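Engineer: In case it helps, TrEMBL gives these features for our protein:
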type     : residues                     : note
SIGNAL   : 1-18                         : signal peptide
DOMAIN   : 20-317                       : domain 'Plant heme peroxidase family profile'
DISULFID : C30-C110                     : disulfide bond
SITE     : R57                          : site 'Transition state stabilizer'
ACT_SITE : H61                          : active site, proton acceptor
BINDING  : D62, V65, G67, D69, S71, E83 : Ca(2+) 1 binding site
DISULFID : C63-C68                      : disulfide bond
DISULFID : C116-C313                    : disulfide bond
BINDING  : P158                         : substrate binding site
BINDING  : H188                         : heme b binding site
DISULFID : C195-C227                    : disulfide bond
BINDING  : D240, T242, D247             : Ca(2+) 2 binding site
Amino acid sequence: MHPLLAFLLLHIITTASAAQLRPGFYRETCPEAEFVVREVLKKALIREPRSVASVMRFQFHDCLVNGCDASMLLDDTPTMLGEKEALSNINSLRSFEVIDEVKEAVERICPGVVSCADIIIMAARDAVALTGGPYWEVRLGRLDSLTARQEDSNQIMPSPRSNASSLIDLFSKYNLSVKDLVALSGTHSIGQARCFSIMFRLYNQSGTGRPDPAIEPKFRANLNKLCPPSVDQNVTGDLDATPRLFDNQYFKDLVAGRGFLNSDQTLFTFTETRKFVELFSKNQAEFFMALVEGMLKLGDLQSNQPGEIRRNCRMVNGRHVNTFWES
Ligand code: HEM
């Protein structure tokens, strides 16, 4: 490649990374983008209702690890271990094909314009709105990362065993308050989790050989039936009693001792978080307002690393540039 072209490419990549996020970022360059994302999500919801919850979760797993940069969507390469196989993601994150479908649809109308990182943010918002939750205006203009870091994901993402105080500490590192933590955990109003994530709390909470005493007995009997000790741990259960509806049932369940994950139920057991669980269980509007605020703050996390607009969310564009270099 001509050195000047190489310099220009690098310049485009690095200077663009300083872009400011704002609503309506694609108003001139791709006015149909938000509509197209919404239409694909609507189809996904009909095809497989759980898939929108699975896509919603991407915002958390992307943004917490080096900012919202779609690093989580990169497939492994011979020289890079991606985040898909990180501890919290392997055999767990799913519905990547929905994002592929969105990206293909968006690329058809405005190629090379809309980032995969922004697609995650729009899709998470739409997943909430399409299942009965609030709608909010998203800030856009993110770039896609040039790499992924499995080790960072392993270090950062919280385990389902976490207690509230460790979650408070983790979230505070991202400028997310106790209220944000409780509201954002309320996204477990939709979707499912695997037996794998609760075996310890059913049979050996904190190494006691006993179940978590915070589980309401009838609910525990149901969980024992769903996840007996010999179960295939990929069997899934609902995260709340209305897993297709984005509502405040999750918080009502926590008050009743019917939280699925330890990291859910701990929010009621622990005093600092309990007041928000109680508030949201009684007042859905308060939950929705806090959720929107939390999602916006989560979506604002940035890496300040160089980026690009990927053509395919699963791989960086560099591969094409390499081909160009080689020829
Ligand atoms: C507070 C710390 C959190 C912990 C410890 C946690 C943990 C988990 C776990 C263990 C699962 C099930 C995984 C499995 O069994 O395969 C799950 C599912 C889910 N999480 Fe979280 N999560 C947290 C916060 C969040 C946040 C902030 C969001 C969204 C912004 C979110 C959205 C979801 C959704 C929608 C599902 C269901 C996905 C599906 O059905 O495929 N979670 N989470």
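Just so it is clear, glycine is given a Cβ too, placed from its N, Cα and C backbone atoms.
Just tell me what is around each of these and how deep it sits.
Structural biologist: On the 0 to 100 pLDDT scale, the model's mean across the domain 'Plant heme peroxidase family profile' (20-317) is 98.
All protein chains included, C30 (disulfide bond) registers 17 other Cβ atoms within 10 Å of its own Cβ.
Sequence-distant neighbours of R57 (site 'Transition state stabilizer') (same chain, 6+ apart, CB under 8 A from its CB) are L93, T187, G191.
H61 (active site, proton acceptor) has a Cβ environment of 22 other Cβ atoms inside 10 Å.
Long-range Cβ neighbours of E83 (Ca(2+) 1 binding site) (same chain, at least 6 residues apart, Cβ-Cβ under 8 Å): H61, V65, S71, M72, L74, N89, A148, R149, Q150, D152, S153.
Other Cβ atoms within 10 Å of the Cβ of C63 (disulfide bond) number 26 in total over all chains.
On its own chain, C313 (disulfide bond) has A70, L73, L74, I99, D100, K103, C116, I119, D144 as residues at least 6 apart in sequence with a Cβ closer than 8 Å to its own Cβ.
Sequence-distant neighbours of P158 (substrate binding site): residues of the same chain at least 6 apart with a C-beta under 8 Å from its C-beta are S88, S166, L167, L170, S263.
In the three-state DSSP scheme, H188 (heme b binding site) falls into the helix class.
Taking a C-beta cut-off of under 8 Å and a sequence gap of six or more, C195 (disulfide bond) has these contacts in its own chain: L226, C227, V231, D232, Q233, N234, V235, T236, G237.
Around T242 (Ca(2+) 2 binding site), the same-chain residues at least 6 positions away in sequence with a Cβ under 8 Å from its Cβ are S189, Q249.
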Engineer: For D62, D69, D247, listed as binding-site residues, tell me which one has the smallest number of other Cβ atoms within 10 Å.
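Structural biologist: Comparing Cβ neighbour counts within 10 Å for the binding-site residues D62, D69, D247 gives D247.
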Engineer: Out of H61, V65, D69, C195, C313, which recorded positions have CB atoms lying under 6 Å from ligand 1?
Structural biologist: none
Engineer: Could you tell me the C-alpha distance between D69 (Ca(2+) 1 binding site) and D247 (Ca(2+) 2 binding site) in angstrom, no decimals?
Structural biologist: 28
Engineer: Measuring Cα to Cα, how many angstrom lie between H188 (heme b binding site) and C110 (disulfide bond)?
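Structural biologist: With distance taken Cα to Cα, C110 (disulfide bond) is 34 Å from H188 (heme b binding site).
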Engineer: If you take the centroid of the Cβ atoms of D240, T242, D247, the listed Ca(2+) 2 site, which other residues of that chain have their Cβ within 8 Å of it?
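Structural biologist: Along the chain, the qualifying residues are S189, I190, A241, P243, L245, F246, N248, Q249, Y250, D253.
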Engineer: Spatially, and counting Cα to Cα, which of the binding-site residues is closest to C110 (disulfide bond)? Options: G67, D240, D247.
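Structural biologist: That would be G67, nearest by Cα distance.
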Engineer: Through the lens of DSSP with three states only, how would you label C116 (disulfide bond)?
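Structural biologist: The three-state answer is helix.
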